[in-house]
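Trainee: So that we are looking at the same thing, I have put the structure below in structure tokens.
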Amino acid sequence: MSRGKTIRPSYYDEEESSQDELSHTLSKGRSNIGSQSDDEEMSKISFGALNRAQSKLNKHNQKHKTQEDNYKSSEEEFFDSDSDSDGPPEETSSKDTKKKKNKHAPSESSSKRPVSRIRDIPGLPSRKQQTLHTDIRFDAAYGKADLAKARKDYAFLDEYRKQEIANMESLLKDKKSKLNDDEREEIKLQLQSLKSRMDTLKNRDLENNILSNYKKQQMESFKEGKVNKPYFLKRSDKRKILQKAKFDSMKPKQREKAMERKRKKRLGKEFRQLEFKPTNR
């Protein structure tokens, strides 16, 4: 009995046949697109062969497209770099100019600035000159000014003011000084303003001293246990205490003048209240 030959399937042969079939269909598909025979042959091909054919076609199309793009870009570069052309250079768009060459490169901005609507008139101070020299000590942006601290820091100016007052008084008393009437009036006004300023500063210092002493007494009595809570003065109480302290510090003549001013002020107020007002009938 003769032993039968066992034939095994060869995968290599199948792959070769499928590759041949694929190349045959591709070449035929490029030449005869849309024919009926092509459709019949495509229906007989396996799905794996069709998939491989599709991927090959995609690769071929992509390669062809990149070659065309490279050719176009090289043509554009050639025509752009041609320096023999007589025509004006083409203006690049704003989008191209805004693009940075490198991400770490500094950003570019236009040097063109719009013209100011406010025209500078010769003879009038401009806004820039007005705000050029500003004293930050008196700027509202830095908060409210501390008058007590400013007075303490600039207390040495009182000596200069006193000396200036003495010089002005001696100049006015000197009969040999060749001053006309206008200059004398101007010096008198300056002297009066300086004296009034010195008086206001003295009164302010007196008020601050009285109020600070009162606060110290209240805090000491609170620490000793004499008072349960420190009492803070109202405006009316402050006014009374300050008036009493001012009257005590005044000279007799100054006190009489102050009393006379108060009396006249009160009388004027009473007369205004008793004025006859005609009624419209």
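Glycine too: its Cβ is placed from the backbone N, Cα and C atoms.
OK, Swiss-Prot features for this one:
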type	residues	note
COILED	48-78	coiled coil
COILED	161-205	coiled coil
COMPBIAS	24-36	compositional bias 'Polar residues'
COMPBIAS	65-75	compositional bias 'Basic and acidic residues'
COMPBIAS	76-89	compositional bias 'Acidic residues'
COMPBIAS	245-259	compositional bias 'Basic and acidic residues'
REGION	1-135	region 'Disordered'
REGION	243-281	region 'Disordered'
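For each feature listed, report its degree of burial, its nearest neighbours and the pertinent distances within the displayed model.
Mentor: The average pLDDT for the coiled coil (161-205) in the predicted structure is 90.
When Cβ-Cβ distances below 8 Å are used as the criterion, the region 'Disordered' (243-281) is approached by residues 203, 206, 210 of the same chain, each at least six residues removed from its ends.
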